[in-house]
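Trainee: Can you keep this structure in mind? I'll have questions shortly.
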Amino acid sequence: MNTHSHDRSTTSIHAGSSGAAEGSNDSDASHPRTPASTSVPPVQSSARRRFARLALGAPCAATIAGWLGVIPGAIQTARAADAQAPNTIVIDNFSFAPAMLTVAVGTKVVWVNHDDIPHTIVNDATPRAFKSPPLDTDDTFAYTFSEAGTFKYFCSIHSHMTGTVVVR
């Protein structure tokens with residue numbers, strides 16, 4: 001699960017024409033300024049967030065998985081089980097697997113997205129028998145086929161991704 005936080009804190013110096021801090025009438029050492037040649041540019045908050053995500057991402061994910069009782073290998077086992085589950089089509093590496101599935105009338109077929117980006121499942125016929133919303137990682141879409149026929153489908157985001165469900 002991704003959690004986004006926004007650090008909107010900023011530091012700014014307001015300088016008047018005299019070079020002293022704004023609101024000050026004197027330009028003496030009471031408000032010294034660092035010469036530009038020795039100043040260090042501030043670290044952007046987005047850079048700090050990226051560093052924190054990279055530095056803390058894996059250890060935090062492992063810790064949270066431990067708190068939840070999730071064993072890292074269990075995630076791969078669950079994905080393997082999805083691939084072997086009857087009437088399940090797995091979306092992985094920009095493809096549908098199996099690309100062709102044959103089922104009986106009345107069968108519910110489930111698509112599960114294991115890619116890191118969204119995909120859709122859209123029937124290629126007019127009128128469309130089914131159309132999913134964009135599926136994020138590990139989201140599923142199910143459709144029960146109530147009549148016999150050959151149902152071609154594709155991902156509307158990545159049109160090279162195609163598959164077929166044959167219903168007998």
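Any Cβ shown, glycine's included, is placed from N, Cα and C.
Note that this is a predicted model, so its numbers are computed, not measured.
Annotations for this protein, taken from TrEMBL, read as follows:
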type	residues	note
BINDING	His119, Cys155, His158	Cu cation binding site
COMPBIAS	35-45	compositional bias 'Polar residues'
DOMAIN	89-167	domain 'Blue (type 1) copper'
REGION	1-45	region 'Disordered'
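Quick one: where do these features end up spatially?
Mentor: Note: His119 (Cu cation binding site) has non-local neighbours Ile91, Asn113, Pro134, Leu135, Cys155, Ile157, His158, Met161, i.e. same-chain residues 6+ apart with C-beta under 8 A of its own C-beta.
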Trainee: Fewest neighbouring Cβ atoms within 10 Å: which of the binding-site residues Cys155, His158?
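Mentor: Checked Cys155, His158; of these binding-site residues, fewest Cβ neighbours within 10 Å: His158.
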Trainee: Relative to the mean position of the Cβ atoms of His119, Cys155, His158, the recorded Cu cation site, which additional same-chain residues have Cβ within 8 Å?
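Mentor: Near the Cu cation site, the remaining chain residues are Ile91, Phe94, Pro118, Thr120, Phe154, Ser156, Ile157, Ser159, Met161.
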Trainee: What does DSSP give as the helix, strand and coil breakdown of the domain 'Blue (type 1) copper' (89-167)?
Mentor: 0 helix, 41 strand, 38 coil
